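**Student:** Would you mind keeping the following structure in view while I ask a few things?
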Amino acid sequence: MSELKRRSIEVYNWFEQRLGLGAPVIEAAEHEVPANTASWWYVFGSAATVILVLQVMTGILLALVYAPTAGHAWNSLEFLDHNVKLGWFLRAMHGWGSDFMVAIVLIHMAQVFLFGAYKFPRELTWIIGVFLLLLTLGMAFTGQVLRFDQDAYWGLGIGASIVSRVPLIGAPLVGLMLGGPIIAGPTLSRFFTLHVFVIPGILLAMVGLHIWMVLRLGINDWPMPGRLVNRKTYVSEYHHLTEKTGIPFVPDAAWKDSLFAAAIMLAVMACALWFGPFGPTGQPDPTIIQTAPKPDFAFLWIYAVLAYLPPSLETPVLFIAPVLGIGAMLLLPLLSGEGEKHWSRRPVAVLMVAVIAVILGAFTRLGMYTPWSPVMNAWTSDPIPAAYLKDRTPLEREGALVLQNKQCRNCHSIGGAGGMRGPALDAVASKMTEDQIIRQVLQGGGNMPAYGNALNPSETTALVHFLTTLRGDDLSPAIDASQHLVSSSEQPAGPPKEH
Amino acid sequence: MTPSEQQIPPGAPLTEPANPESHKSAGHSRRVFLFKLSLLVNGAVGAVLAVPILGYLLGPALKKTSADNSWINLGPLADFPEGETRLVNFRNPVTTSWDGQTGDIPCWVRRISGNTFQVFAINCAHLGCPVRWFAQSQLFMCPCHGGAYYADGSRASGPPERGLFEYEYQVVSGSLVISAGKMPTLANQAKNESPLVQLEGATSTEAPLPKPRCSSCQS
């Protein structure tokens with residue numbers, strides 16, 4: 001045994017004499033870090049790196065089978081899912097790995113922000129981190145395109161439409177993005193190149209820089225309230241702290257990183273096994289228009305924001321907001337490179353993280369059920385509750401048919417079923433008088449199209465009569481107060497039903 | 001150069017001072033000159049190399065918009081009953097053999113009466129999603145963000161800032177022909193394209209009829 005050990009050391013030394021990498025690597029691994037940084041809060045960066053390695057590995061394995069041409073990509077994904085042994089699992093790992101990576105990069109970013117890690121001398125580490133976030137999102141978007149299905153096709157259409165709004169150079173930019181006049185073969189090839197060569201290359205190089213700087217400048221020490229960062233004294237203070245409380249990163253601090261990385265890998269595998277791969281959804285055939293395209297999870301919030309922006313603000317917001325947001329993140333360490341690091345003394349920072357998290361969460365949630373979209377098949381699939389038809393006149397029942405036939409259900413729900421674009425109609429007559437309903441139906445307004453051209457007078461009459469019966473749980477009908485005043489001198493008061 | 005050696009000593013400035021000039025090479029002015037000359041040569045070669053690279057890269061962006069459009073036969077007029085709006089598919093004039101189904105483009109053809117048509121792009125004017133026609137309510141609805149358009153393509157509600165994109169059309173020897181080829185976006189609003197010069201006025205005389213490209217026409 002000791003002979004074997006001696007021989008292995010000899011082999012190691014043979015390589016080490018020529019490579020000279022072992023000693024510096026070991027020294028880097030064992031470098032001293034302040035004891036207070038050996039915390040469970042400091043594990044997200046290494047976890048993101050581990051998932052990046054997973055993504056590279058699974059990505060290479062998928063590329064063994066994937067056919068990056070518009071005509072065959074979708075078929076090759078189906079082939080991967082069903083004909084290649086464990087192909088579905090590799091696709092699932094890559095897909096879930098992507099979601100986990102975006103999530104962990106965001107958590108990592110929030111953590112270093114709240115811990116003031118971006119302050120002197122780690123400004124550039126943060127700035128490169130901002131680019132790493134953008135590159136990670138770039139990988140997520142281009143990866144979604146490579147899953148070349150209906151969502152990818154129309155997602156590219158959304159991307160091209162956004163790019164086309166760039167002033168002056170919109171048209172050439174669309175050409176540059178699509179690689180041709182339409183979304184087709186050259187478009188997929190471009191995104192394949194971006195996803196497989198360009199972005200990963202830049203990403204890996206920047207991760208290298210990022211980690212190099214962490215080693216060179218030392219991991220951010222645990223912030224203490226009142227311990228301010230000062231450009232003149234920080235480096236010596238940090239050095240002093242490391243000398244006083246230093247522990248070797250490997251193994252004293254790194255065991256938490258490695259345990260957390262293992263947990264995350266297990267979580268990715270569990271999700272992959274339990275939920276399986278993402279899609280592909282329908283074929284990327286633009287002539288199949290029965291589709292409701294949606295982006296992947298990381299971009300749902302943008303999808304939701306785009307639904308709520310008023311038309312006049314959309315283009316400015318689309319191009320000014322990202323510039324401001326990214327610019328603010330890049331400038332943050334340069335403008336606030338000194339001072340307090342501890343979150344308890346930085347209420348604005350904590351508030352910002354909370355507000356941004358709530359905003360992203362709320363818009364993502366909205367993006368999951370898209371209340372702004374008409375439900376295209378509601379008019380043929382959702383029934384009118386029987387209670388709304390009981391004891392109704394034939395005219396009113398005819399109105400229910402009109403409501404169904406004219407696709408009102410696509411935007412308005414009744415009995416909890418139907419679209420959410422417009423208000424639910426269950427209690428419409430308790431909020432609007434007959435006159436108001438007629439006006440709204442015929443002229444539209446407030447985000448409702450005018451139906452004057454789509455309804456003949458008898459249909460309108462029937463529809464409005466049906467709608468006036470919808471008063472929720474027998475709420476009192478809406479009353480036109482002014483009409484009541486005018487008519488009260490002539491006849492006894494009552495709901496303004498007859499004209 | 002190990003990281004621990006690299007750690008900044010107490011009180012040291014963040015940036016190291018520039019390398020002291022090497023006395024060895026500083027003396028050899030001819031070698032320095034030749035090195036600078038070689039940098040210059042490489043710069044020139046790089047600049048020359050950049051021309052084809054940039055040309056290749058920017059090719060799709062610099063292409064003239066109108067060059068992609070050509071006249072496409074959607075089929076005989078009999079395919080389009082008056083007063084109806086129908087979905088018609090055509091093969092894009094510019095495709096590659098590996099485009100697969102993505103080379104097939106749908107559009108909505110509305111025959112108002114006689115030779116008066118409106119041919120709408122499938123792409124919502126908001127963000128390009130496929131709009132669907134609902135004959136009963138006389139509306140186009142978009143599944144993505146809820147844009148809605150009236151039968152004539154004008155904006156009815158929702159986030160679009162304009163009506164549907166319209167292709168230019170002609171009626172040539174009893175067939176409907178549209179000018180298409182490029183995905184319509186706000187930067188390339190299909191209708192503003194100038195038609196190909198050699199086909200102008202094709203309505204008056206019998207012009208060469210393009211072969212039908214649509215999948216729906218029976219001819």
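The backbone N, Cα and C atoms fix where each Cβ goes, glycine too.
Pulled these features from TrEMBL for this protein:
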DOMAIN    A:11-223  domain 'Cytochrome b/b6 N-terminal region profile'
DOMAIN    A:394-471  domain 'Cytochrome c'
TRANSMEM  A:40-67  transmembrane segment
TRANSMEM  A:100-118  transmembrane segment
TRANSMEM  A:125-146  transmembrane segment
TRANSMEM  A:152-179  transmembrane segment
TRANSMEM  A:191-215  transmembrane segment
TRANSMEM  A:258-276  transmembrane segment
TRANSMEM  A:297-313  transmembrane segment
TRANSMEM  A:348-368  transmembrane segment
**Student:** Which of A:125-146, A:152-179, A:191-215, A:348-368 shares the most C-beta pairs under 8 angstroms with the transmembrane segment (A:40-67)?
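**Tutor:** The stretch I would name here is A:191-215.
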**Student:** May I ask for the residues of the chain that lie six or more residues beyond the transmembrane segment (A:297-313) and have a Cβ under 8 Å from a Cβ within it?
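**Tutor:** The answer is 99, 102, 137, 140-141, 144, 158, 359-360, 363-364, 366-368, 370, 372-373.
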**Student:** Using DSSP, how many residues in the domain 'Cytochrome c' (A:394-471) fall into helix, strand and coil?
**Tutor:** 39 helix, 6 strand, 33 coil
